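A.B. asks: Sharing the record's features from Swiss-Prot:
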- Asp371: active site (ACT_SITE)
- Ala315, Pro316, Gly317, Ile318, Arg319, Gly320, Met321, Lys336: ATP binding site (BINDING)
Amino acid sequence: MPRGLELLIAQTILQGFDAQYGRFLEVTSGAQQRFEQADWHAVQQAMKSRIHLYDHHVGLVVEQLRCITDGKSTDADFLLRVKEHYTRLLPDYPRFEIAESFFNSVYCRLFDHRSLTPERLFIFSSQPERRFRTIPRPLAKDFFPDHGWETLLMRILSDLPLRLPWQNKSRDIRYIIAHLTETLGEDALPCCHVQVANELFYRNKAAWLVGKLTTPDGTLPFLLPIHRTDEGELFVDTCLTTTAEASIVFGFARSYFMVYAPLPAALVEWLREILPGKTTAELYMAIGCQKHAKTESYREYLCYLAESDEKFIEAPGIRGMVMLVFTLPGFDRVFKIIKDKFAPQKEMSAAHVRACYQLVKEHDRVGRMADTQEFENFVLDKRQIDPALMALLRQEAPEKITDLGEHIVIRHLYIERRMVPLNIWLEQVEGQQLRDAIEEYGNAIRQLAAANIFPGDMLFKNFGVTRHGRVVFYDYDEICYMTEVNFRDIPPARYPEDELASEPWYSVSPGDVFPEEFRHWLCADPRIGPLFEEMHADLFRADYWRALQTRIKEGHVEDVYAYRRRQRFSVRYGAISSTANSS
């Protein structure tokens, strides 16, 4: 190879990342206009297109590098020099951490995910941890109640870049003050102040004002979801001030925020204080840097592995017919492999399953579908694998595994947040906890359906319970769009004997779903059946599902709230707008 080619390759990769992140910011910057114009379908399209940008630009760089090297092979020393040159470009680079992930992605694409070693990749960052640089402009602005909280909040809302009129700004300010007074106490409020992020966080049909509320007892989140009425007027829907509420808003089962972040590392550090339970990976995920979040997730896994002597075991719960799932007993994530062969009733291919997982990645997850990270050639030390799991891997997925002696390489897997399987949770709880779980399950089904997602297999085992008690769907092999399903009523029996027959007396075509049948497996437990009939009986009616389909086909996009309906100002203090009810 000619001298100096290593530097040219390093510069080409970094320039490719610059182009990718520039487009990322460009798509993100359109969020305000999409919100103001209520162009909700454009919101959904922008979300999908932004996700695809990263892989698209990796592909462009790979093609450039193949032209530069003229297809000639590169030896190990050459690759090390490329990484050394790239590392030297990063100390003064503002998005160094994601640039390292982009380098990794280009390398993996070029070399088909082989020879993934720390010498060739940025397995860990080359830069000091949480590197602080001089920030060209502050990320947030401070507001103090020198002239009272009403004046403070009026300044905050008036400073927003939104160009729509307010429905009733004074009313919203009264509601915010009422909430803060109830939460903090009237005496504490004058001693508090607020720091507000300069950029709004857009998602679905809301623009979120994200801030920090400094009190005598510490710092709390200060979150205001701003919505628009059908008439184009702004209103604040609620005020959230607990870390648990903020954690749900920034949760792993929600779509990524659109927030303009030219310095993502600085924004992540700023958010960390109000989201103490979130890992670095989760914070990057929340602001839409999902590929770097994957890097951080892998680093968190390696750090856990280095400090633990646990062995990988099969994950608790009913064994899946499509996926083999394993975990580390104390780790908060699970590893999912597509089996080589599925149970006979699962008439699908591995390619179909991967397409379903990609659909979830790109779709609005409405807080009810867990996000995943996809890995290839994932290496495990055999000494850390329980013998029972090793036997299961060899039995269920031998074609996905390469034996390297002391290690195995898993050709493809997903990593996903670990939850308590809902069927296990329901066995362990009684009373109000049981009622809450059934209410949450039904709400999850409704919200998925409203977002044009039909889970397919609605058994409790395919859902999990998060640490906040939310029910989240995580088994995607039968997922499809609501508009692809034919919801039917079961025809009346022709004769009494029909209902006793082993085969149905009516024809069933692919895509047919009979909601009346849900009752058989959802209400079999006598503790659960009455609760389900009380709260969610309409899920057993085909006309309920067909009505949702009609709304979807007419182009209606449902409102999605990251908090309970009872927390909305319209419920707590009075009517606000004519927008749809919270689900």
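In case you wondered, yes, glycine gets a Cβ from its N, Cα and C as well.
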A.B. asks: What kind of secondary structure is Lys336 (ATP binding site) part of, going by DSSP in three states?
C.D. replies: strand
A.B. asks: Which entry in the list of binding-site residues, Arg319, Lys336, has its Cβ near the fewest other Cβ atoms, using 10 Å as the limit?
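C.D. replies: Fewest other Cβ atoms within 10 Å, among the binding-site residues Arg319, Lys336, is found for Arg319.
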A.B. asks: Cβ distance under 8 Å to Met321 (ATP binding site), same chain, sequence separation 6 or more: which residues?
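C.D. replies: Met321 (ATP binding site) has long-range Cβ partners Phe342, Ala343, Gln345, Lys346.
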A.B. asks: If you pair up every Cα among Ala315, Pro316, Gly317, Ile318, Arg319, Gly320, Met321, Lys336, the residues annotated as binding ATP, what's the maximum separation in angstrom, rounded to an integer?
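C.D. replies: Result: 15 Å between the two most distant Cα atoms.
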A.B. asks: Between Arg319 (ATP binding site) and the residue listed as 'active site', find the distance joining the two CA atoms and give it rounded to the nearest Å.
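C.D. replies: Distance between the two Cα atoms comes out at 21 Å.
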A.B. asks: In the structure shown, which of the binding-site residues Gly317, Gly320 has the fewest Cβ neighbours within 10 Å?
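C.D. replies: Sparsest of the binding-site residues Gly317, Gly320 by Cβ contacts within 10 Å: Gly317.
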A.B. asks: Hey, which of the binding-site residues Ala315, Ile318 is the loneliest by Cβ count within 10 Å?
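C.D. replies: Comparing Cβ neighbours within 10 Å for the binding-site residues Ala315, Ile318, Ile318 has the fewest.
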A.B. asks: Under 8 Å between C-beta atoms and at least six apart in sequence, can you list the same-chain neighbours of Asp371 (active site), or say none if there are none?
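C.D. replies: Looking at Cβ-Cβ distances below 8 Å from Asp371 (active site), excluding near sequence neighbours, one finds Phe252, Ala253, Met285, Gln290, Val360, Lys361, Arg365, Glu416, Arg417.
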A.B. asks: Taking only same-chain residues 6+ apart in sequence, whose CB is under 8 Å from that of Pro316 (ATP binding site), what do you get?
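C.D. replies: Same-chain residues close to Pro316 (ATP binding site) (Cβ under 8 Å, separated by 6 or more) are Pro421, Ile424.
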